[in-house]
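Structure first, then comments.
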C-alpha cells in the first residue's frame, strides 16, 4: 500500500468520533463560547501558545528518561559486577534486557495511549519506572537486577512514543517540526549525557546512588505530570474543546487546559462511552504491521541504519579512547558530550528547517495541507515536504564516519575525533528527526503507535550494531570498520530514499502504480 493510497483511504474513512466533531462544528455553537467557535473552526487545537510550550517542555522532560537510563548505568557495570560477584557476561545481560524491552514495550504503551489517552498511560508507565529505579537501588542479586532492569525499561521506553503522539495531537503539520525539534533535543542527546552524570555519581557516592538519583528526578517529573499535564488525545478531547473523563484530567486543569472552551458534546461523549473492552485493549501487532507496510518499511530501514551507525560509534568509544589516549571512566564520559552537544543543536535547527521546507513546498504546490479535515491529502507532496533536506544530513554523517575511523587508527590529537563525533551526532539526530516527523504525518490517527514501530526497528538495529562493533574492530581494524559502516549507510540509504521518492512522484502524477 503506497503512502498516497493510505492517505486517500483516510479521506474516505471517518470514525464515529470524527463525524461527531464535524457535526458539532457545523451545527452546534455553545452559548457565549466565541473562543470555542473560533478555535474549532480556524485552528488545529484550542491550546494557546503558552500552553503548547508548557506541554512540549513536559514532553521533553518525560522522553528524556528512556535513553538516559540506558547509558547512565554504564559506569556502574564494573562495581555492580564486583559487588554482586557475577561475571562480565552476566552483568552485560542487564544491558541486553534493557535494550530488548526498550524496543518492545512502546508497542504496548503507544497503542494504549492512542486508544485510552496520553495522560493515564503516562502516569502508569512512570509509576512503574520510579518503582523499578527504587528496587534497583537496593537489589542484591542478579535475578533482581535483570527483572528490575526489564521493568525500568518498560516504564520509561514508552514515553518517547507517547511524546510524539501527544505532539501530533495539538500541533498542525506546518508548525510541527519546530516543536518536535525542541522536544527531540534532549532525549536524542541524553545517551551521551548519561555516562558523564553516571560516572560522576558513581565516583562520588557509589553506583547505587545512580538509581536513587533517577528515583528523585523521575518523582519530580511524575508530580508535574500528575498536577499539570493535560489530556491531548484527539480521540478523547478532540481539538481540546471536549471535556475529558475524570482519569484524563490534570489536577491543575485551569492552568493547563482551555477549560473556558470546553463543551460537553453529547454525541461525541456518547461515542466515547460506547467503546468496548476490545476497543480499549492494546494490540502491539499494529506497530509490527506498520513496519511491514512496503512504503513505511523503507524509511524505517533508513532511520535504523543511521541509528545503528550512531550506536556503533558510541559503543566503541570507551575501549578505543582508553587504549589510544589512556583515558579513565570520567574522561571517557566527558568525551560523550561532543555527541550530546551536536545532537541538541542539530535537533533545534533541524526542526526549523523541517517547518521551512514544509511551507516552501506548500507554497510551491499551491495546496493548503489540512490534516485535520483531510482535504487534498492525496494531492499534497508530503514526502517532498518532509524529506527535502534529508540528503544534506545523510551526506554529512557519511562524510564524518569514514574519516573518524581512519583518524583514530592514526592516533591524532583528541580534538580531531571529538569534532567528528560532534558532526556524527548532529547529522544522525537530523536524519532521525526528519523521518520521525514524516512518520507521524503518515499515521495521524495513531501517531504513538507509528512512533513505536520506528522505535522497535531502530532499537533492534542498535542492539545488533553494538553486539558486532567490537568484533569488527578486532578483525578489520577501526579504519576499515567505520569505512564499511559509512559505505553501507551511503549506498543503502541513498538508494532507498531516492528510489522511494521517484515512486511516490509517479504515484501522485497519475494512476500508473495504483492500477
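We number each residue from 1, going along the chain as drawn.
Quick reminder: no glycine exception, Cβ is built from N, Cα and C everywhere.
The compositional bias 'Basic and acidic residues' feature in TrEMBL is assigned to 15-28.
The domain 'Major facilitator superfamily (MFS) profile' annotation in TrEMBL covers 55-507. As a whole-number mean, the pLDDT of the domain 'Major facilitator superfamily (MFS) profile' (55-507) in this prediction is 82.
Annotation comment: TrEMBL describes 1-36 as region 'Disordered'.
If you look up TrEMBL, you'll see 54-78 (among others) marked as transmembrane segment.
What TrEMBL lists as transmembrane segment is 121-148 (among others). Tertiary proximity for the transmembrane segment (121-148) is limited to same-chain residues at least six positions away from its ends with a CB under 8 Å from its CB atoms, namely 62, 65, 69, 80, 84, 86, 90, 93-94, 97, 109, 112-113, 154-156, 158-159, 162, 208-209, 211-212, 214-215, 218-219, 221-222, 225-226, 229.
For the transmembrane segment (209-229), same-chain residues at least 6 beyond its ends with a Cβ under 8 Å from one of its own Cβ atoms are 54-55, 58, 61-62, 65, 69, 72-73, 75-76, 119, 122-123, 126-127, 129-130, 133-134, 136-137, 197-198, 201-202, 250-252, 255-256. Under the heading transmembrane segment, TrEMBL lists 209-229 (among others).
TrEMBL lists 296-318 (among others) with the feature transmembrane segment.
The feature transmembrane segment is assigned by TrEMBL to 330-354 (among others).
Packing against the transmembrane segment (390-407) from elsewhere in the chain are residues 306, 309, 313, 350, 416-417, 420-421, 423-424, 426-428, 430-431, 434-435, 478-483, 485-487, 489-490, 493-494, 497: each is 6 or more residues past its ends and has a CB under 8 Å from a CB in it. The feature transmembrane segment is assigned by TrEMBL to 390-407 (among others).
Summarising the annotation, TrEMBL assigns transmembrane segment to 419-443 (among others).
Annotation source TrEMBL lists transmembrane segment at 455-473 (among others).
Annotated transmembrane segment per TrEMBL: 479-500 (among others), in sequence order.
Distant neighbours of the transmembrane segment (296-318): 3, 74, 191-192, 290, 332, 335-336, 339, 394, 397, 401, 404, 421, 424-425, 428, 431-432, 435-436, 438-439, 442, 450, 453-454, 457-458, 460-462, 464-466, 469-470, 473, 478, 482, 485-486, 488-489, 492-493, 496-497, 500; these residues of the same chain sit at least 6 beyond its ends, with a Cβ under 8 Å from one of its Cβ atoms. Residues 3, 6-7, 164-165, 167-168, 173, 176-177, 180-181, 184, 188-189, 192, 290, 296, 299-300, 302-303, 306-307, 309-310, 313, 317, 335, 338-343, 345-347, 349-351, 354, 371, 382-383, 386-387, 389-390, 393-394, 396-397, 399-401, 403-404, 407, 449-451, 453-454, 458 of the same chain sit 6 or more residues outside the transmembrane segment (419-443) yet have a Cβ under 8 Å from a Cβ within it.
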